[in-house]
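Quick look at what TrEMBL lists:
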ACT_SITE  H159  active site
ACT_SITE  E265  active site
BINDING   R54, Q77, R82  substrate binding site
Amino acid sequence: MPDIVLHHPKGSSVQILLYGATIVSWKSPTNNAPPAERLFVSASAITDGSKPVRGGIPVVFPCFGPPTHREHGSLPQHGFARSSNWSWDHVIKDEKADPSVTLTLEPTPGITALYKRPFHLSFVVTLGEFDLTTELHVKNTSGSIDYPPDYLEFQALFHNYILAPAIDILITPLQNKLYFDKTESTEEGRTTGKIETRAGVDVRKFTDSVYENAGQNYEVTWPGGGVSVKTTNMKDVVVWNPQAEAGSKMGDMEGGGWDKFVCCEPGCVRGFEKVAPGMTWVGKQVLSVIHVARRHQ
Ligand code: BG6
């Protein structure tokens, strides 16, 4: 599948597919080791463009999970952004700045058949020596001047598959946050909110938890490593690992794949974001490698 690869002069790199604007590789050094892969992609992932990629960083838009908004009627789970072909817009390669690429997505006949709202998406990826920044810009391209405004209502999320020994990971700081445990959903998809009691959240069992207004900055750590996830304008976070219980039923999940990652997915998924005609909403995350030496200081 067509892709774009950015290289940083200090050794890091990122690979982005036009299909789904899915980041499928992020290699970064730490201050004491050469560049290494930081994202998980299933060895059984489908990469012919017939299905979203199982791994990396798929972009979820305009619905999270099955559609629940009246305007999202027949959309597939997690929307169309992760299964649409995006266009390459421009690359910035300036010796004084970190390399960056922008991909865009506008309504196509395939999208319009399922989703009638006017929008323009830009996905901006910027590569640092030790970090990776992704930004989703959602523009409401409606020209309506009616009142009340013709809002674009959506959910958005970065579905980060962080390469990590799942058995040993902890995600902080989520203690005392309200969350919804989707592994306990009723048949209608309803869940009851609970308060997180753990200082560090693990994924030793099948986990599918949606934390609301979760604080926007997280650390995923394990002995010898970690990645921080710092976000702007993405109020919620989802922690997901299917373990064998759900992972073994997924056709595109490699056997034992669930031991190799944790999904720490910042987004706006409880309720809907609203953007007025002509306006743009921006959600951003910065993923950074946590230097082991620094953690033990
Ligand atoms: C998570 C959801 O974000 O994505 C889970 O909370 C879902 O419920 C998971 O199972 C994977 O979704 P998909 O569509 O890629 O299999």
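The count begins at 1 with the first shown residue.
Placement of Cβ uses the backbone N, Cα and C atoms for every residue, glycine included.
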* Neighbouring C-beta atoms (10 Å sphere around the C-beta of H159 (active site)) -> 23
* Asked: Going by C-alpha positions, which of the recorded positions (R54, Q77, R82, E265) is nearest H159 (active site)?
  -> E265
* Alpha-carbon distance [Q77 (substrate binding site); E265 (active site)] in Å -> 15
* Env. residues of substrate site, Cβ within 8 Å of mean position of R54, Q77, R82 Cβ -> K51, P52, V53, P58, V60, H78, S83, H159
* Asked: Which of these binding-site residues (R54, Q77, R82) have a C-beta closer than 6 Å to some atom of ligand 1?
  -> Q77
* Span of the substrate site, taken as the largest CA to CA distance across R54, Q77, R82 (Å, rounded to a whole number) -> 14
